[in-house]
Structures are given as structure tokens and as C-alpha cells.
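S.K.: Input: one structure, supplied below.
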Amino acid sequence: MILQVENPVVEVHDLTVSYERKPVLWGIDLTLPAGALVGVIGPNGAGKSTLIKAMMDLLPVSSGYVRIFDQPLKQVYSRISYVPQRESVDWDFPASVFDVVLMGRYGQLGLFKRPRKADKDAAMEALEKVGMQSFANRQISQLSGGQQQRVFLARALAQNADVYFMDEPFAGVDIATETAIIQLLRQMRDQGKTVIVVHHDLQSASEYFDWVVLLNMRLVASGPTEQVLNQELLEQTYGGKLTLLSKVGDLLRKQEFPAREKS
Amino acid sequence: MNAFWIILTGSLVATCCSLLGCFLILRRMAMVGDAISHAVLPGIVIAFLFTGARDTVPMLIGAGLLGVLTTFLIEFFHRFARVQADAAIGVTFTWLFAIGIILISVFAGQVDLDQDCVLYGEIAYVPLDLIITEGGLSLGPRTVWMLVVVTFLIGLFIVLGYKELFLTTFDPAFAAAIGISTTLWYYLLMGAVSLTTVASFESVGAILVVAFLVAPPATAYLLTDDFKTMLGISVLLGIIASFAGYYLAVWLDGSIAGAIATVTGIEFLLAFLFSPSQGRLRRQKRVQTVGH
């Protein structure tokens, strides 16, 4: 079930990505609607991170193209932000929390310009949104995993973009941070922003996302959560992976007896 | 007066190298600085053969091109030949340096360069090569003037490109995602390292350049948590090493470049032992007080 939308925010056409001639993503055709909280879901090695990196042109693609707001990526850099995986940077780097969040403003500033007061205010405001304002002067090596993730999120928020790509923002964070992040993402969606999240936990997926992309090297499904998260499509995505099939079982049981109200 | 010119030369080289070194060590590329400082040799010799004189500008251009070629080759071998990064660095720079040595020995008659000079430099000769105006007024050593210009250019590069250099060093993926070219800033940084290396090599030699590129930034890294402070401290440490190294050499009646490099090593050792945040001794003490 691959649903294409009218006036998509992100349009991926016939995208193939290979590492050393070994394809990791095959012929992805995908459109994503505006103002949605999108989950990219699939087993390990399915190419989830690769897909969002290719959407942002961070990787060389073998074929296909990506358009965002119906324009080539180069023209819409200022409307795109990215929350990389937490482990992708060196947290012992000599920088403060505020230094990192201010980086979110660098794209708009342009060459040779220093951050002005408006930029500093925006960075501080972003820190407040993630509840980290009292950590502004803290050295980044002193943060916990959840706090690191919030700082990365604040950096993306400071940019005030329209499309956000997030790579596993819930990986290895505490429950309080996970709840805070998902609330923030819902607020962003309600403001009309599009948030695309790589996620590996099937259980929370149905609760968190409006739109789900199921991926396992090929695109298995893309559509509204309730239409996509069913046994048949999940088996197609996770097929043969026994440990994950038990998770699918859990999920289906939860669908029969919902433990929590969907918000 | 000679002491002044020698210490000034050392301090100018220290300033350029320490500033650039801070970016290199945080990119885990300290050894690329080592590679460039050796691999520029064939560029210098070729520039010399073309122009037939030891002019500064053609040499800077020749060495600058070789420096960028070195970084390109390292990237190329690492990415496409799938060799480990350190192996790619080792293969590239020893090969280019060896070519430089062969060129020097083959054209020995025509080239006023020798291997010892390239490796160890002779900072003590700096005050001998003066710029003298037609009126007979001495304007100071040629090397010092060249280094003043290079230091100014490096300083300008870091001030103007600070936020791009900072961001592409910390998080290249995010930089690329918001439209800042990581490749461009990588090659600009490497070009700056090449420029510094070639401007410094004949006065202080490749070994002191490598010492200045790595030791003061590594020491400053142990002493602070703030990047701008780290830049400042490493420049200060480099200048202190130039002073202390000069007088150490006078006292020992030994090599000045060697003494300066030794002092940078001693600075690192002291920081390693006594740094307020990272120092071994302090840390042990702290662990003990917590433990009891």
C-alpha cells in the first residue's frame, strides 16, 4: 500500500542508493504530505537512515531525485533542518550547550556574518522549548544521553525550518525526554511543520505517528498509520526476523486490547 | 637584536600552527598536518627549478598545490582504495617526500636546498637574510616579513570563516544538511595548513611545524572546555615555547628548533599532570576524596 499525495512536501522519485555497488535502497517512489508527523520504520539495516540522508543529499545516490517543496534541495536549505543520530558527533568537543544550539542559526546567517542578538534570542528560546535553558553554559560533555538529544532538537528548532529530518531521536533516551520530545513534535506538526522521524520501536509507532513509511530496502508501504500498520504489511517488512515477529505479535495484541487511549 | 628576530619568527610560526592545529586535532586529523609539512617538498623543488631562484611567491604556490594534492590523495586512497586513513596518510606523504628528496639530490647543483634544512630548519640564520632598502636602511629579516603576512592571512581566514570552520569540525553532517559545504571548508583549511607549512619550513623545519600544529592545541584541549579559549591558550603556549625554547637552546648551546619543540612537549606533560579539569593528579585526588 503506497499512497501518493497531492502537493507533497517531500517527493522522492525512483531513488536508488548503493554502498560500494551493493544497493541499500531500491527504486523508492515516495511522497509525503505537509503538516504530518511521519515515522520511517523497518528492521535494522533496512536503510532508514540512508533514506533520510539521501533525501537531504548527504549521500551520493545511484539514481533518482528528491524534491522538497517542489524545488531542488539547493534552493530550500533554509527550510530544512536535521537532527542527526546522537552518536554521530564527539560530545567531548570543547563547546557549550548554547554554542551548539546557536549552530542552528548558521545556515541563515550566511558567510562572514556573526550571530546577532536576534540569533542568540532564537537559540535561547529553542532551549526553553526543550526545557534546557538552565544548561545553556554547560559543557556538552557533562550532559546525559537524553539531554544531548534535547540539545540537538533545540538546535534544529532554532533554525525555524519547515521540514525536519530526525534520525532515531528516541534512541537511548529516558522516558521523561521521550515524552517531552513527542509533545514537542506534535506541537510542531500542529503549526504545520512536517517532521520525518526514523524510528525502530514498533510498539510506540502507532501512537506517535500520523503517517508511516515501512521500509526494508524497498518501500513496503507509505500511508496513514491506521492503514499501514497491519499484520500483512508488517510481515512483509520484517519477514523472517523472528525476534521482531514477536514484537509484531505484541503490537497486534495491543491493537485488540488497547492499553492506552490514543491522543 | 638577533634573539628578538628569532623569538619573533618562532612566535609567528607558533601562532599560525596553533590556530590551525586546534581545528586539525578536533577533526582527528593532526597527522594530516604532519603529512602536508613533509609532502610540500617536491612542490618547493619544482617551483625552484622553474624559477631558478628562491623566490617566496612561486614556492608558496608550488607548495600550496602539493599540499592540496596531498590531502586529495589521502582522501582518495581512503575512500576509493578502502585503505585505513592512517595508512593512506603514511603512504602518501612518505612517497611525496621521497620524490622531493630525489629531486633535490638529482638537481643538487642547481638547487640551493638541502634535506637537513627542510627537516630541522635553521632558525638561527633568520636574522642574516635582511631586507635592506636602497638607502641602506635595514627593514628586518625577509622571513619575518613573510611570516607576518602569512599570520595575518591565517588570522583573517579564521576570524571570517570561524562559524563555518567550527560547525564543519563539530558536526559535518548537520553543516551539509543546512547547505554549508564541508568539502570546501576542508580544502580551505588544508590550503591554510599548506601555506603555513611552506612559509615556516625553511626557518623552523618540518619537525617544529608538526610540534606546533599538535602540541599546543592538544595542551590547550586539556586546559579548557571552550573552543575560543582553546584557540587563545594554544597561541599563548606556542609563544611561551618560542621564548623558553630560545633561552634553553642558548643555555645548552644546542638546536633552537629542537629546544622549542621540547618545551611544547614539556607544556603538554605539565597540563596532563596538573590541568584543573583533566589533570591526572587532580583527578586522582578527587576520586580519593569522593571515595572516602
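The backbone N, Cα and C atoms fix where each Cβ goes, and this holds for glycine too.
Caution: TrEMBL annotation is automatic and unverified by curators.
Sharing the features that TrEMBL gives for it:
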type     : residues  : note
TRANSMEM : B:6-26    : transmembrane segment
TRANSMEM : B:35-53   : transmembrane segment
TRANSMEM : B:59-77   : transmembrane segment
TRANSMEM : B:89-109  : transmembrane segment
TRANSMEM : B:144-162 : transmembrane segment
TRANSMEM : B:174-198 : transmembrane segment
TRANSMEM : B:204-223 : transmembrane segment
TRANSMEM : B:230-249 : transmembrane segment
TRANSMEM : B:255-275 : transmembrane segment
S.K.: Against the transmembrane segment (B:59-77), which of these stretches has the most C-beta pairs under 8 Å: B:6-26, B:89-109, B:204-223, B:230-249, B:255-275?
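M.R.: When the Cβ pairs under 8 Å are tallied, B:89-109 comes out ahead.
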S.K.: Apart from its near flanks, which chain residues at least 6 from the ends of the transmembrane segment (B:6-26) lie with a Cβ under 8 angstroms of it?
M.R.: 32-33, 123-124, 126-127, 141, 143-144, 147-148, 150-151, 154-155, 158, 165, 169-170, 189, 192-193, 196, 199-200, 203-204, 208-209, 212-214, 216-218, 220-221, 227, 230-231, 234-235, 237-239, 241-243, 245-246, 256, 260
S.K.: How about long-range neighbours of the transmembrane segment (B:89-109): same chain, 6 or more residues beyond its ends, C-beta under 8 Å?
M.R.: 31-32, 34-36, 38-39, 41-46, 49, 66, 69-70, 73-74, 77, 83, 115, 118
S.K.: Is the transmembrane segment (B:255-275) packed against any residues at least 6 beyond its ends, judged by a Cβ distance under 8 Å, and which are they?
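M.R.: Tertiary neighbours of the transmembrane segment (B:255-275) are 6, 10, 120-124, 204-205, 207-208, 211-212, 215-216, 218-219, 222-223, 237-238, 240-242, 244-246, 248-249, 281-282.
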S.K.: Same-chain Cβ contacts of the transmembrane segment (B:174-198) under 8 Å, 6 or more residues past its ends?
M.R.: 13, 16-17, 20, 23-24, 32-33, 36-37, 40, 43-44, 59-60, 63-64, 66-68, 70-71, 150, 153-154, 157, 161, 164-165, 167-168, 206, 209, 213
S.K.: So which residues does the transmembrane segment (B:35-53) touch in its own chain, when a touch means Cβ under 8 Å and the partner is 6 or more beyond its ends?
M.R.: 59, 61-67, 69-71, 74, 89, 92-94, 96-97, 99-101, 103-104, 107, 110-113, 118, 190, 193-194, 197-198, 201, 206, 209-210, 213
